[in-house]
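Each remark here refers to the structure printed beneath this line.
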Amino acid sequence: MAKAKCHKCEEKCGKGKVHPEILEKLEIGFKNFYKSGSKSLLKKYLTREVFDKLKTKKTSFDSSLLDCVQSGFANPDSNVGIYAADPECYTIFADIFDPIIQDYHLGFKNPTYNQLRIMGKYYPLSEMTPDEQQKLVDDHLLFKEGDRFLQAANSCRYWPNGRGIFYNDDKTFLVWVNEEDHLRIISLQQGGNLGEVYKRFVTALIELEKKIPFIKSERLGNLTFCPTNLGTAIRASIHVRLPKLAANMTRFEELADKFNLQVRGTRGEHSEAEGGIYDVSNKRRLGLTEFNAIKEMYEGVTELIKQERAA
């Protein structure tokens, strides 16, 4: 009788008939290994519970746990003691590979949703109370109804229907729905760790693009409602207190132009600065990479801070 072999399923779950001889070798090897004085990472993390869970699994390439640990069993003086016999081993035998990887690479973890903490909930604007909306606005998390410019462009029709906000528990990842563009994807946090902010942003964007196709042009890049956001469509901004520079707005704006920066009020475009705090961002989005856009903002803001301190 012919039997079909599901490689996709096997790759996902690792279920497959492991030869009895391999199982026997695994059992003997495991017992002898634990009698040895090995101080390897394999010895540290291959508990009986993990061993029993993995010993009957194999990849679609027919690699078993034995293929991964046989060197470690034979060489108890190894520092690590495990090898990936094929690419699927990192998935099928993740229960042993992951802790070893994390230990060796000093806490490295895969950037899963929960680890990056971008899981959250969507809140329709039409179901929020005025107080709830105002609290989010005051925390610089929620948009208000469009100003006269957007209203004149018919961007605010049927407000607040069809509008809302998604945010995670930490309020470090947001998605504005139908504010100006269909989606505005935001990653933010206190402090100056731009790398962490950008990593969260990119990871979320990659996942979104798997489900939602974004409109792009070969000539103009990402297409947006406002032409100032074309290209990368990325606006990297920092809230920074610059009261001395703001005392001479002409000089302030000249410096901003010099470093291709856009200076806005505390609550964004067409708002006033509160307590000398300005929203400073990259002005250019078209004709450069996302990395260079962020780099341009970072270097420009660094120079503004130097000028503020020297003033």
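Each residue, glycine too, has its Cβ placed from N, Cα and C.
TrEMBL lists 22-106 with the feature domain 'Phosphagen kinase N-terminal'. Residues or ranges marked as domain 'Phosphagen kinase C-terminal' by TrEMBL: 120-311. Among the features that TrEMBL reports, ATP binding site is placed at His140, Arg184, Arg235, Ala236, Ser237, Ile238, His239, Arg264, Gly265, Thr266, Arg267, Gly268, Glu269.
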Worksheet item: Could you count the residues of the domain 'Phosphagen kinase N-terminal' (22-106) that DSSP puts in helix, in strand and in coil?
Response: 51 helix, 3 strand, 31 coil
Worksheet, complete the sentence: Neighbour count check, CB within 10 A, over binding-site residues Arg235, Arg267; minimum at Arg267
Worksheet item: Which ones in the same chain are close to Gly265 (ATP binding site), with CB under 8 Å and 6+ residues apart in sequence?
Response: Ser271, Glu272, Ala273, Glu274, Tyr278, Asp279
Worksheet item: When you measure from the Cβ of His239 (ATP binding site), how many other Cβ atoms are you left with inside 10 Å?
Response: 14
Worksheet item: What does DSSP call Gly265 (ATP binding site) in the simple three-state scheme?
Response: strand
Response to the item:
When pLDDT is averaged across the domain 'Phosphagen kinase C-terminal' (120-311), the result is 91
Worksheet entry | Collapsed DSSP category at His239 (ATP binding site) | strand
